[in-house]
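A.B. asks: In case it's useful when we look at the structure, here is the feature table from TrEMBL:
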COMPBIAS  21-35  compositional bias 'Low complexity'
COMPBIAS  49-62  compositional bias 'Low complexity'
DOMAIN    313-351  domain 'Zinc finger Sec23/Sec24-type'
DOMAIN    391-630  domain 'Sec23/Sec24 trunk'
DOMAIN    637-721  domain 'Sec23/Sec24 beta-sandwich'
DOMAIN    733-832  domain 'Sec23/Sec24 helical'
DOMAIN    862-906  domain 'Gelsolin-like'
REGION    1-89  region 'Disordered'
Amino acid sequence: MSDYQLYHSLGQGGPNDDPRNQNPNAPQAPNQFQPPIAPSPYQQSGANYTPQGQQPPYGTQQMGAPSPYQGSQDQGYFPNQAARAQAQDGGLAAQMGGLGLGEVASHGRKKKKDRHAYHNVEAPSGSSAAFNGIPPGGVPPSAYLNADPSAMPSPGGQFLNQPVTPEMSQFPAPVNAPFNPVNPASPGQFAARNGAAPDGFAANVQTSAQGRVNPDEIPSVPRSRDAISQYYLSNVYPTFEHHIPPPASVSFVAFDQGNASPKFTRLTMNNIPSTSDALQSTGLPLGLLLQPLAPLQAGELEIPVLDFGETGPPRCHRCRAYINPFMVFRSGGNKFVCNMCNYANDCPPEYFSATTPQGARLDREQRPELMRGTVEFLVPKEYWNKEPVGLRWLFLIDVGQEAFNKGFLESFCEGIIVALYGTDSDPEERKVPEGAKVGFVTFDKDIHFYNMNPALDQAQMLIMPDIEDPFLPLSDGLFVDPSEAKSNITSLLTQLPALFSQVKNPEPALLPTLNAALAALEKTGGKVVCSLSALPTWGPGRLFLRDDGKQHGDAEKKLLNTEHPGWRKIAEKMVAAGVGVDFFLAAPGGGYLDIATIGHVSASTGGETFYYPNFVSPRDSAKLSQEIMHTVTRETGFQALMKVRCSNGLQVSSYHGNFVQHTFGADVEFGVVDADKAMGVMFSYDGKLDAKLDAHFQSALLYTTANGERRVRCSNVIASVSDSAKDCMKFVDQDAVYSLIAKEAASKMLSASLKEIRGALTEKTVDILAGYRKNFSGSHPPGQLVLPENLKEFSMYILGLVKSRAFKGGQEPTDRRVHDMRIIKGMGALELSLYLYPRMIPIHNLQPEDGFPNAESGHLHMPPSIRCSFSRVEEGGVYLIDNGQNCYLWMHAQTSPNLIADLFGEDKDSLKSLDPYSSSLPILQTHLSAQVRNILEYLKTMRGSKALTIQLARQGLDGAEYEFARLLVEDRNNEAQSYVDWLVHIHRHVQLELTGQRKKDDSGDNSIASNFAGLRPPYW
């Protein structure tokens, strides 16, 4: 039987029904066995093609591919069964019922009970545990149960009014089964009863050979994001009262009550099991996701900066933890007891304050360090390793032939001018903090320094031909204040492209230039921003074309790492000197740049790599310019050290991120650290925790700010401890869990094969869901996949991770692979959430109020996002899809000419008339143009370090359409399963685990599953 016929999808109404459709009961397609589905976007008159390497989407009859929607009349159909599975587990059991898997041991001998009708009874398809099968008010019961009881035979009194299904009876169900959707529930009611189900989540997923899976019933990431974001538009998040932070992709205002905001710290569990055995039974990692300099949102209190003079902030004498809101004062205020190690410290006399009879200090309200979870301490000289000065920015500009030809040099220079001085519209505001200075060096096969001294009429160029051992040809004049030397800087940057238009050296010498940059910054520390647009094949440390696209397995693993001693050495020296690098890499025509080696320098020093795999000047220069501006203006610190402390009974087991850690247990070192960087910290037990006390975590980041102050940024987190792991499952933070799993997987890429990592990710998902099912979920019919309430979408995020460029199977250029691996290691929760499950917004059916501020609250009214799947794409539709790195505007081949004119101007009336290289929408006076531009402006505020510019993906015209198809993560693509098949696959393994037959199988080859008829082995 062909792959396609295994899983059939029979939804209620079309998957594309507009949730705001006012007339849900309009007549549906005449044949109820073929629900209306979106015609395949790839099968249009005149545009009949399937992108290379892609399966034709469901519903296409192309090249004889059997479609799941075709053979459904003659394959028997399970009518939805009436509600009968009561949710046992109040706040926990999110059930996804009935993956008809009662007969797990089907390869063994048949048991007697297998013959009975009651052996495998499914959960109701339409019901949700919130209502326990009772229809919500106002919905006629028959609409809810989708069955006409009078027409049902009754197989014995045990199942009154149940239909005979092929599972119960040995005869196939009649073809015209009494399927009678009387007034189907409107999509609004449907969404209401699935979205607002606090207690659980039920869905009927069949996996027998004639099974049907309703894709609308499986947990939806967009729905969970949108539902909660509405709440946080009108409510703040109090950090101490609520124990589960909002999802990372939701915009919220946090009110710091002594526990750090989730923007800085996210614990995987806000209630921790007291023993390691209890933690193991959950399968979850215990860890902390840290983004120490995360940006604040309007409405949030600034981080207080506290100066304790020469003595420095009060600290515990034994474990060196900093003073925080959870330290207890006693003996009338003379002692404070450390919340990490319970040592009673003497209170320094200058810090003494009397306490109230309850033990609180009288001045507690005036002391931010005793009231707020995240504070900054100014620190005295003993915390310095060199005199702190303002941040030195050194721009290294590649002026080789490729850079000039591609227009990259010109775009980069323009970007620097905008970053330092703003555009013409906002010229006055100072972009770089007071005290910070900038310098410029250009390179091809020589290195050119520029003396920018404001006393000179124009910049002086000094050429360094000796690249074997470069030295610094000038002491002062290299770094200048950008506002004092504005005329020199702007004239130099505008002249550079013309200056080098005649020279055109094809081979850059990058390593010597980095050595020269290090010499310039050695005394002070600082930040290097380097552009590069060709493989550096000149001089010491030259690189070769290592990747010819033919390597696989272990050979490919070598390409993901750098063996070059020169590059490793410069990275270590830079970290020691407090220098970090951001690279802007533009690959010539998508060619090889050896990012594994070059990017190693930025990854070790805490910097970032911005990669433009196919740089086209008119399209990408806006993105480049905004990203340079973001790099320069975001909060940046340098010469940073990081330490995480935790309560007795726990210890730090590992750190994951982009940094250097010399020995295990040593401080983590960064050359630079900025607002977008996050890291994972994993904890292990070295004893038993006391359930009567709380567990405490404190991260301390010692760094120099851009304006030259040495500070410690301190964040404190508290979690309750519980003897029962079941209670802990109620306080799991899904975003932190998959973020830590992703960072750990990315760290393993250099030591394990990709196949092993994908296998391990599957195993981890099964462990977590099987642990929950085994230990905490109460009793459910054996065929149900039961998902913890707080981890409903977890499997989808892990599938997104398996499909990501870093881990996916199949061919992938090593540059892209290694670049994505490093960004995953450094991403914060928001950026990773979008990266694993993009935001997809239809803009062809916006309501008039979408994209405009709400009259009462002033918040922008955002249209609901939809699932990332081709089945949701409508004919003639236009969609924005944004994964936090790139944003594509996909336009169907039959897009209405009116819509094109409204978005792009009167003179544009067809897809072909649009400029394929446009990166933004023109400002027009049409309603639609204003809506979409407002939506894009909002999306710009909800992302990490990458700028948002749109790239057109017109169906049948642009190559970006392949990228659009890649981002539809719920479909079968990227060498991995569709979401439905993945859940079925995970559920099989959970069942095997429960019956004790699962072999630990990290290879990713699913030998067990292939024993069962009806389950395809996975595609990797």
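Just so it is clear, glycine is given a Cβ too, placed from its N, Cα and C backbone atoms.
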A.B. asks: Against the domain 'Sec23/Sec24 helical' (733-832), which of these stretches has the most C-beta pairs under 8 Å: 313-351, 391-630, 862-906?
C.D. replies: 391-630
A.B. asks: Would you confirm whether the domain 'Zinc finger Sec23/Sec24-type' (313-351) and the domain 'Gelsolin-like' (862-906) meet the contact rule of 3 or more C-beta pairs below 8 angstroms, pairs 6 or more apart in sequence?
C.D. replies: no
A.B. asks: Let me spell it out: take the domain 'Gelsolin-like' (862-906), skip the flanking residues so only those 6+ beyond its ends count, and list any with a Cβ under 8 Å from a Cβ in it.
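C.D. replies: Sequence-remote neighbours of the domain 'Gelsolin-like' (862-906) are 9, 15-16, 19, 37-41, 44, 46-47, 57-59, 215, 220-222, 225-226, 229, 823, 830-831, 834-835, 837-847, 850-851, 913-914, 918, 921-922, 924, 926-929, 932, 935-936, 938-939, 943-944, 946, 948-956, 960-961, 963-965, 967-971, 979.
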A.B. asks: Take every residue in the domain 'Sec23/Sec24 trunk' (391-630), average their pLDDT values, and give the whole-number result.
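C.D. replies: Averaged over the domain 'Sec23/Sec24 trunk' (391-630), the predicted model reaches a pLDDT of 91.
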A.B. asks: Kindly report the helix/strand/coil residue split of the domain 'Zinc finger Sec23/Sec24-type' (313-351) according to DSSP, in that order.
C.D. replies: 6 helix, 11 strand, 22 coil
